[in-house]
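Before I ask anything, here is the structure I am working with.
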Amino acid sequence: VRFPEDLEDDNTTFNPEYSHQVFGDNEVAFGYKGLKILLYYIAGNLSTLFRIEYTSKVNEKFDCVEADDVESKIREIIPPGFCTNTDDFVSLLEKEVNFKPFGTLLHTYSVHNEEAGEDITYQIYKADMTCPGFREYHERLQTFLMWFIETASFIDVDDERWNYFLVFEKYNKDGATLFATVGYMTVYNYYVYPDKTRPRVSQMLILPPFQGEGHGAQLLETVHRYYMSSPTVLDITAEDPSENYVKLRDFVLVKLCQDLLCFSPGKLMQGFSQEMVMEAQQKLKINKQHTRRVYEILRLRATDMGDAEQSRSYRLDIKRRLIGPYKKKQRELAKMRRCLRPEELTNQLNQIDLNMQHEQLEESFQQLVSDYRRVLERLAQA
């Protein structure tokens, strides 16, 4: 909500992707007809209005059953101090002009908005719990995780190893410059013996009204650039990354790596090298596993897949990596031959069909190439 009229505007409304963390695996609130759970957030400081509406509700006295206590379920995840009255909420909205982003400005960029016909400015800040008002703001911000990240949990904000990176949109209202929350990322700094840290991305969320505009890539690249300048950082990782996050990371890391000398077309065609591992790790804080993916994507760009020899060479190079888990299985099988009785061995052999392995390998290869092509297409448009 930026303007009072947004309260009645369905275009500013978005629905949760998940509600099982609040309402159970079936995502059901029992005992109501026409139930609406309404959560309004002021665009900048995220002050909250919470209301429940319904046309009818079961009555314990007459229906012998009790409706779910929806209100207490929502109160468990939104911090106290929210409004239940529209007038109170609108009066808070008038004070929004005083809201300013928390922390240190790291990056400013603009995105062209077709609808508005103009470039809109966005800024990325790094904050921590010492910023006045940030703790309360973060409590409101993290409530979105429950609706948009499948296995979300709130973090321990008293642990000083957390870093917070925030994206804001700058917009004008009655001649004043205001800020709207776009998304954020939390990063935990793990200790690596003897004197390094390994920042690990924990949560990342771009709010639905802003998705598909490139903010995730801007945020991830800014975070990488922030840590790249630190001599104590070993590399940057992510905790249990989703499929979408992996695609985003592929794009950002390829964009960062493509100009390194070790990824020149000539060197790419010679195969994956220790030089690539070293340069990516030292200059960009990228670990060996992620560097290998970057190499495979950039080598695909340098390969003429219409050329039989180049195409075969690329396919073999990727499949040699993909076959690792199958070879491990074969080593386990060799051990089994020495240890198992014949009938037990037959059982295990039935589970390892070589033809099936070749099919799975080819399928994995085709899927990878398809994913890599999408990264290269996005890179060409960037």
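Placed from the backbone N, Cα and C atoms, the Cβ positions cover glycine too.
Grabbed the feature section from TrEMBL, which reads as follows:
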ACT_SITE  Glu239  active site, proton donor/acceptor
DOMAIN    3-150  domain 'Histone acetyl transferase HAT1 N-terminal'
DOMAIN    249-300  domain 'Histone acetyltransferase type B catalytic subunit C-terminal'
SITE      Trp162  site 'Interaction with histone H4 N-terminus'
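Could you tell me the structural context for the features on the list?
Neighbours of Glu239 (active site, proton donor/acceptor), defined as other CB atoms within 10 A of its CB across all chains, total 12.
Summarised as a single figure, the pLDDT of the domain 'Histone acetyltransferase type B catalytic subunit C-terminal' (249-300) averages 97.
Applying an 8 A CB threshold to same-chain residues 6+ apart, the list for Trp162 (site 'Interaction with histone H4 N-terminus') reads Asp128, Met129, Ile155, Asp156, Thr186, Val187, Tyr188, Asn189.
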